Amino acid sequence: MLEKVRLFLKKHDLLAPNSTVVIGVSGGPDSLALLHIFSKLQNEFQLHIIAAHVDHMFRGKQSEEDMKFVKHFCAQFGIICEAKQMDVPGFQKRSRLSAQAAARECRYRFFEEVMEKYSARYLVLGHHGDDQIETILMRLVRGSIGRGYGGIPVKRKFGRGYIIRPLLSVSRDEIEAYCEEHQLQPRYDPSNEKDNYTRNRFRRYIVPLLKKENQNVHERFQHYSEMVTEDEAFLEELTLQALNKVIKRQQGKIILQIKPFKTMPKPLQRRGIQLILNYLYKDIPPDLSSVHISSFLTFLDRQRPSGRLDFPNGLKIIRSYDICTFTFQEEEMDTYHLKIEIPSVVPLPNGYAIISEVWEHYPKELTGNDVFIIDSESVSLPLCVRTRRAGDRMTLKGTNGTKKIKDIFIDAKIPLAEREGWPIVEDGAGNILWLPCLKKSIYEATDITKKRYIVLHYKEQ
Ligand SMILES: Nc1ncnc2c1ncn2[C@@H]1O[C@H](COP(=O)(O)OP(=O)(O)OP(=O)(O)O)[C@@H](O)[C@H]1O
């Protein structure tokens, strides 16, 4: 096994010689074998080894014993051991994370501290080949995205350096055998069995079937993982080049142009969405999966020019015509400025439309706040419909003075969220003619003897 790990380290160039490494040692068989192997490779790679252990304080005396055991084990091999008791139950209550996630967060924080303290470039963890099989299968079954299908990475950036996992090259059985051969007598954490029901089901029922087909199936999965990871890195690079031409990044949000985005090949579209999500989410929510990416792509194919998708943790995707905005901000609404051809139907992002018509006589049968009549001789064209701007005012029908649009909204008790997207109809000279369903201006036709009128309707589509 030592030889396999040595070859794996070299093949992937995991470790620069002469480095300081922090090894996460729980006291279980994997990390104990890991530490033992590294102590053997210490001279060859000229390593400075630090062991790091966290007592998550979930199991009282028992986990304290684990800590003592790890300290003692390290002392036997002359290895520095940094151990810490962390109040994970308390942190779990405050953070409302699952026990596993809370433990993980505390543990990784401590690992980072130890790396800082010793200026270590590597954190070495004991994930092995069977962990890899289980992870990939679980992600296939549950659904994942991009690199996720590649399972556990051999090397990834972490803190001031990297996390590396040299035991991905070997199986659980090989580790157990190694422990026996070297009389390592690891500690077993019974909560591992309880905590992770799904993983345990894969471990107990699925992996043994695969091992019957091929005893070294972990090597096949590892090979698959490395291929997926390489392919993904390449495709991500291509995606980034294409994506940069169709998005604009703003603080905490991304604006995407739909038409050019849709000319990108589908595999790049899917990965493009992933990159956008990686950029926006600090931590990718665990419930985000390929289902969300597919639903986004379907959303872009819909006929309706506007709409909204809600993603986990409050991310909103708002579509308005050829623009899609990804944002966490609640007040975000689509602004627009659209020319009204006459006659025409102008669909609006709120699901309504402005419909313009020409009448050869005064339409006295049309009354109400959802219709506006214009004398075509006295209006300056073109007309447009747009969202509000700061300082907008209009002269109301039946009054002389102007009134702020903002005050009209307030008086009518229009909710803030609706004000941003409320349509405002304006003429070519910049006069506000009409706030559909709310107020009309003095520019509505009063002379009923003219030969030609423009009639605007505001209707749900
Ligand atoms: N209490 C601990 N103290 C120090 N290192 C630990 C501890 N628990 C786990 N590790 C390190 O993490 C490796 C993986 O452990 P385990 O499989 O329990 O973690 P996981 O939750 O599956 O994975 P992850 O660490 O990615 O969350 C271990 O082999 C060991 O290197």
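The backbone N, Cα and C atoms fix where each Cβ goes, glycine too.
Now, the feature entries from TrEMBL:
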type	residues	note
BINDING	Ser26, Gly27, Gly28, Pro29, Asp30, Ser31	ATP binding site
DOMAIN	383-456	domain 'Lysidine-tRNA(Ile) synthetase C-terminal'
Model confidence over the domain 'Lysidine-tRNA(Ile) synthetase C-terminal' (383-456) (mean pLDDT, whole number): 90
Local Cβ density at Asp30 (ATP binding site) - other Cβ atoms counted within 10 Å: 23
Counts of helix, strand and coil residues, the domain 'Lysidine-tRNA(Ile) synthetase C-terminal' (383-456), according to DSSP: 11 helix, 25 strand, 38 coil
Under 8 Å by Cβ from Ser26 (ATP binding site), counting only residues of that chain that are 6 or more apart: His53, Val54, Asp66, Val70, Gly126, Arg187, Asp189
Contacting binding-site residues for ligand 1, chosen from Gly27, Pro29, Asp30, Ser31 when the Cβ sits under 6 angstroms of any of its atoms: Asp30, Ser31
Secondary structure at Ser31 (ATP binding site), reduced by DSSP to three states: helix
Check: same-chain CB within 8 A of ATP site center, minus Ser26, Gly27, Gly28, Pro29, Asp30, Ser31: Val25, Leu32, Ala33, Leu34, Gly126, Pro186, Arg187
Number of Cβ atoms other than its own within 10 Å, given for Gly27 (ATP binding site): 22
All-chain count of other Cβ atoms within 10 Å of Pro29 (ATP binding site): 21
Ser31 (ATP binding site), number of other Cβ atoms within 10 Å: 24
